[in-house]
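K.L.:
Dumping the structure here so I can ask a few things about it.
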Amino acid sequence: MFYALGPLALFAFATEVMATPVAYPMTTASPTLAKRDSCTFSGSDGAASASRSQTDCATITLSDITVPSGTTLDLSDLEDDTTVIFEGTTSWEYEEWDGPLLQIKGNGITIKGADGAKLNPDGSRWWDGEGSNGGVTKPKFFYAHDLTDSTIQNLYIENTPVQAVSINGCDGLTITDMTIDNSAGDDAGGHNTDGFDIGESSNVVITGAKVYNQDDCVAVNSGTSITFSGGTCSGGHGLSIGSVGGRDDNTVDTVTFKDSTVSNSVNGIRIKAKSGETGEIKGVTYSGISLESISDYGILIEQNYDGGDLDGEVTSGIPITDLTIENISGSGAVDSDGYNIVIVCGDDACSNWTWSDVEVTGGEDYGSCENVPSVASCST
């Protein structure tokens, strides 16, 4: 039998239906992939795989990696406190390009070379005697950029095309027992094979480094609180500040070179301030440096660098202050046609120096020193 519902009954029925909750299917959160403790990559696909997986692994081991031509072994997106270990030989295929061949960034990163491991880009394939000044385009090797509170231990780098290690934007980086061996470039056209180029960084400590190359062993272009100690430099241009000037950051403050040897090199100690530029070189110390077989300049301090040593007008825009040079041993170290000590300063631009126990002989006295602070001397 059919019964008709009145208006009040219909209203009550509709209200009850609307008040009844609709049962939807239950949803669950997507599972979170756990970060693996250790990942190992090898072979020709290893570089790309490591780059893709760098946020997933607490420890990344690169074992006998071959990096394809024209690409960077890119570990610039590492999670905090990641460890990177190089095993065996890491090699790179050939291409003419700017690089870098290797790039590592991050916070709390530990980079290690296992016993017997080598990073060998086989730079001889690019060497033509012109370095970064011409010839074929050569890739820079290792960008250690934007590393904070990080360490690099026991890396062995062999035969870079040009500059080896660029340190930039780092704060709290410690490098121990690194070897950069470009000695093969002495007779095969290696050029501009700088060991460590440092800029815009602070609290950098390099200990026990061995650098065999054809340019600066260390060049500090800007930065604060930088120390290089217990090092061996051979074949290059010595322990350098600069050139300073003409960059975004033109301040060098509190840099120490100590207990190191420079041999078979063009220069021993060199400070280069660019002619006509502005900046500041302050609180630099060279202490306990031993010089051997220096061809051109035992100690060179210049405020007229203009692309070449002593080439420009002497200017005062980059003062050199609070400089300490002490306990320098170089008796007979300079070639007979080289210069023992050269100091060329602008007016009132070199002040508050400390100069003690400096013995650099074998070469000539430079007859055109300018504005030498009273504590120092160009004569030996």
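The backbone N, Cα and C atoms fix where each Cβ goes, and this holds for glycine too.
Pasting the feature list from Swiss-Prot:
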type	residues	note
ACT_SITE	Asp215	active site, proton donor
ACT_SITE	His237	active site
CARBOHYD	Asn327	N-linked glycosylation site
CARBOHYD	Asn352	N-linked glycosylation site
REPEAT	147-169	repeat 'PbH1 1'
REPEAT	170-200	repeat 'PbH1 2'
REPEAT	201-222	repeat 'PbH1 3'
REPEAT	223-243	repeat 'PbH1 4'
REPEAT	252-273	repeat 'PbH1 5'
REPEAT	281-303	repeat 'PbH1 6'
REPEAT	315-338	repeat 'PbH1 7'
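Let's see these features in context: how buried, what's close, how far.
P.N.:
Within the same chain, residues at least six positions away from Asp215 (active site, proton donor) with a Cβ under 8 Å of its Cβ are Gly131, Gln163, His191, Asn192, Thr193, Asp194, Gly195, Gly236, His237.
Secondary structure from DSSP puts His237 (active site) in coil.
Neighbour density for Asn327 (N-linked glycosylation site): within 10 A of its CB lie 16 other CB atoms from the protein chains shown.
Mapped onto three states, the DSSP output places Asn352 (N-linked glycosylation site) in coil.
Same-chain residues lying 6 or more positions outside the repeat 'PbH1 1' (147-169) and placing a CB less than 8 Å from one of its CB atoms are 86, 99-100, 104-114, 117-127, 131-132, 138-141, 175-182, 184-185, 190-201, 204, 211, 213, 215.
Tertiary neighbourhood of the repeat 'PbH1 2' (170-200): same-chain residues 123-124, 127-133, 144-160, 162-164, 206-223, 226, 228, 233-236, 247-249, selected by CB-CB distance under 8 Å and a gap of 6+ residues from either end.
Beyond its flanks by at least six residues, the repeat 'PbH1 3' (201-222) meets 131, 163-164, 167-183, 185-186, 190-195, 228-244, 247, 249-252, 255, 257, 262, 265 of its own chain at Cβ-Cβ distances under 8 Å.
Beyond its flanks by at least six residues, the repeat 'PbH1 5' (252-273) meets 217-218, 220-245, 279-305, 309, 317-318, 320, 323, 325, 328, 330, 333, 360 of its own chain at Cβ-Cβ distances under 8 Å.
Long-range Cβ contacts of the repeat 'PbH1 6' (281-303) within its own chain (Cβ-Cβ under 8 Å, at least 6 residues beyond either end) map to 238-239, 241-242, 244, 251-273, 275, 309-310, 314-316, 318-330, 333-335, 338-346, 349-350, 358, 360, 362-363.
Distant neighbours of the repeat 'PbH1 7' (315-338): 244-245, 250, 268-269, 271, 273-299, 301, 303-304, 345-364, 376; these residues of the same chain sit at least 6 beyond its ends, with a Cβ under 8 Å from one of its Cβ atoms.
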K.L.:
Could you tell me the mean pLDDT the prediction assigns to the repeat 'PbH1 2' (170-200)?
P.N.:
99
K.L.:
Select one residue from His237, Asn352: among these recorded positions, choose the one with the most other Cβ atoms within 10 Å of its Cβ.
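P.N.:
Of the recorded positions His237, Asn352, the most buried by Cβ count within 10 Å is His237.
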K.L.:
Once the DSSP letters are reduced so that anything not helix or strand counts as coil, what is Asn327 (N-linked glycosylation site)?
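P.N.:
Its secondary structure by DSSP: strand.
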